[in-house]
Amino acid sequence: MVSTQEQVQDIRQSIIDLPSTFQYSCFHLEYDGGKIINDFVELSEVKGLTSESEVRLVEDPYTEKESRIHFVRVRELIGAAGDRTDLLYGIEAGLSLHDSLAEPTAAHSGSANGNSSKVSTNANHPMSGYDVEAPGSYKVLLPPRQETAPKT
């Protein structure tokens, strides 16, 4: 039950925050068979909406912005999110936990243990010089250091 003084955007936020409906992040509300409710009004201002009206949640197609926001929300829920404002603004945005992909540097060229004696004849191939028997190195899994964003 909600009060007629409630804003529609507050109801939307309640839907997003509820554990049973947190998967909905891109939707609109309708009543009386398809009349869309504006998100920025109070319920008392919606014409034709009565206490007997049934309000329905209708999923909308995701835009690029909405999908980024949804992924940030899912990452927050599973605990994989950090201080990642870049996803919201599109700077090197992606679905990975890593910020970017880069070609191996001189320190990573050759095999994982630094031994480049087994380089194949095709040096441009991404797997050239890779030694399957070499011990793993965590350095190749870590993303490169990035400059911090300027404070505004």
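Cβ coordinates come from backbone N, Cα and C, glycine included.
On a predicted model such as this, the values are computed, not experimentally measured, just so you know.
The feature domain 'Clustered mitochondria protein N-terminal' is assigned by TrEMBL to 5-78. Averaged across the domain 'Clustered mitochondria protein N-terminal' (5-78), pLDDT for the predicted model comes to 89.
As annotated by TrEMBL, region 'Disordered' applies to 104-152.
What TrEMBL lists as compositional bias 'Low complexity' is 106-117.
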Composition by DSSP (helix, strand, coil) of residues within the domain 'Clustered mitochondria protein N-terminal' (5-78): 28 helix, 14 strand, 32 coil
